[in-house]
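Participant: Got a structure here, written out as structure tokens. Questions coming.
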Amino acid sequence: MTELKADVRNGIDYKVADLSLADFGRKEIRLAEHEMPGLMALRREYHDVQPLKGARISGSLHMTVQTAVLIETLVSLGAEVRWASCNIFSTQDHAAAAVVVGPNGTPEEPKGVSVFAWKGETLEEYWWAAEQMLTWDGEPANMILDDGGDATMMVLRGAQYEKAGVVPPAEDDDPAEWKVFLGVLRERFEQDKTKWTKIAESVKGVTEETTTGVLRLYQFAAAGELAFPAINVNDSVTKSKFDNKYGTRHSLIDGINRGTDVLIGGKKVLICGYGDVGKGCAESLAGQGARVSVTEIDPINALQALMDGFDVRTVEEAIGEADIVITATGNKDIITLDHMKAMKNQAILGNIGHFDNEIDMAALERSGAKKINIKPQVDQWIFDDGKSIIVLSEGRLLNLGNATGHPSFVMSNSFSNQVIAQIELWTKNDEYDNEVYRLAKHLDEKVARIHVEALGGTLTKLSKDQAEYIGVDVEGPYKPEHYRY
């Protein structure tokens, strides 16, 4: 691989596809700002206070137009920011360029934020970009904003290996990405044996966006390896019940349509997983007229699927009949090579969980099947018997690889939670131990209230007597922490 080097212009280091795309990106950012009332309200509320002044935020999250609005909100509240994408295919190159240039800069004289992201990165490029995002001139990063946990893992594993005095060798059967990750840490260790330890000691907290990253945080905490407090943004109601369900409901069919242009109506579809994301998948495809079946390990979710009108089957029972198969579990090895070989000729296979190991892409690549690239992020894999399947985005997030991800309004909910969580950990750090927390209910309700008003809804107001009768304050919060929405 050619050695990667950041570009530097007007004192800003960056690596994006093409800075000349910035004008297009800025136009889309302005449109997105109108559709992101939560972030814009937070800018108005906190701009004069500058609650993030002094924060050096390293962000690892899909570099989209919507994320650009998040980044510029953090900056407007006083933070310094460096950014990389958390997925090799999810970057929107015009958005990345616009963030580097900034609202008041030009491609010749950028005045924005350091971004290291472009669509179609290799694994080596991805982890190089992640390291650049975490590497600051002078003082190290002191906050992390994460999606999937890669930035957090890089800091914590790097510090762990520095303490041990060695980066372990990769095993032959390790995933390709893990081998690359260890290689990057090993190369850095040879040059600087304290880099990650210094960052881990400097970081005051991390806010995590998605289910997969939250699972990693809880695993680090259980092992006593979490070196700083964490806020689980994913399980805020205004994130998980909106982004995960309604966002997916919009973006899944967008990705399938852009990737394949097949008619969804009448097709047999198998959705693996019926959590919030799976529910959004099933609802959107059923709304297009597809005949949907669901796989589940959890009897409660399975019962929900049945009551919603979907068959519940195993992968083995349904795989041979499905025209479209979508994984949405957050687990690994959901679709194996044997499953892929059992699929119908030219069936479509895609994933909308965070990582690419829900579908065993490594086994497919080793199988001897012939890969034919149809167009970016659409590949036909032909098996020895002549049968083929269509795989979207190489088993990674198809809604971001084949389309542009969730729409701005629903991301305004999620990203408002991220901003509030960053402010919470930065300004009240002494109140948090090295554990995983959730945002307080009244903050969740605050985010919801902003978006209700933006959609023209009018909330009913409790009287004092009514509030006392059900044991809540007139201004909320209105539900206990254990309430399930």
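Placed from the backbone N, Cα and C atoms, the Cβ positions cover glycine too.
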Participant: Look at the substrate binding annotation in Swiss-Prot, where Thr64, Asp147, Lys239, Asp243 are given, and name the residue from Glu35, Glu121, Glu177, Glu209 listed for that site too.
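Facilitator: So the substrate site in Swiss-Prot includes Thr64, Asp147, Lys239, Asp243 plus, from the candidates Glu35, Glu121, Glu177, Glu209, Glu209.
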Participant: Within its own chain, what residues at least 6 apart in sequence put their Cβ under 8 Å from the Cβ of Glu296 (NAD(+) binding site), listed in sequence order?
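Facilitator: Spatial neighbours, sequence-distant, of Glu296 (NAD(+) binding site): Gly273, Tyr274, Ala302, Ala305, Val312.
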Participant: List, in sequence order, those binding-site residues among Thr64, Asp147, Glu209, Lys239, Asp243 whose Cα sits within 10 Å of the Cα of Ile352 (NAD(+) binding site).
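Facilitator: If one measures from the Cα of Ile352 (NAD(+) binding site), no binding-site residues come within 10 Å, so the answer is none.
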Participant: How many Å lie between the Cα of His354 (NAD(+) binding site) and the Cα of Asp147 (substrate binding site)?
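Facilitator: Here the two Cα atoms lie 9 Å apart.
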Participant: Any same-chain residues 6+ apart from Val277 (NAD(+) binding site) with CB under 8 Å of its CB? Would you list them in sequence order, or say none?
Facilitator: Thr211, Asn244, Lys245, Thr248, Ala328, Ile352, Gly353
Participant: What count of other C-beta atoms do you get within 10 angstroms of the C-beta of Glu209 (substrate binding site), across all chains shown?
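Facilitator: There are 28 such Cβ atoms around Glu209 (substrate binding site).
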Participant: Relative to the Cα of Thr212 (NAD(+) binding site), which of the binding-site residues Thr64, Asp147, Asp243 has the closest Cα?
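Facilitator: Answer for the nearest of the binding-site residues: Asp147.
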Participant: Most Cβ neighbours within 10 Å: which of the binding-site residues Lys239, His354 is it?
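Facilitator: Per the Cβ count within 10 Å, the most buried is Lys239.
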Participant: What whole-number Å value do you get for the CA-CA distance of Asp243 (substrate binding site) and Thr210 (NAD(+) binding site)?
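Facilitator: Checking the Cα atoms of Asp243 (substrate binding site) and Thr210 (NAD(+) binding site) gives a distance of 10 Å.
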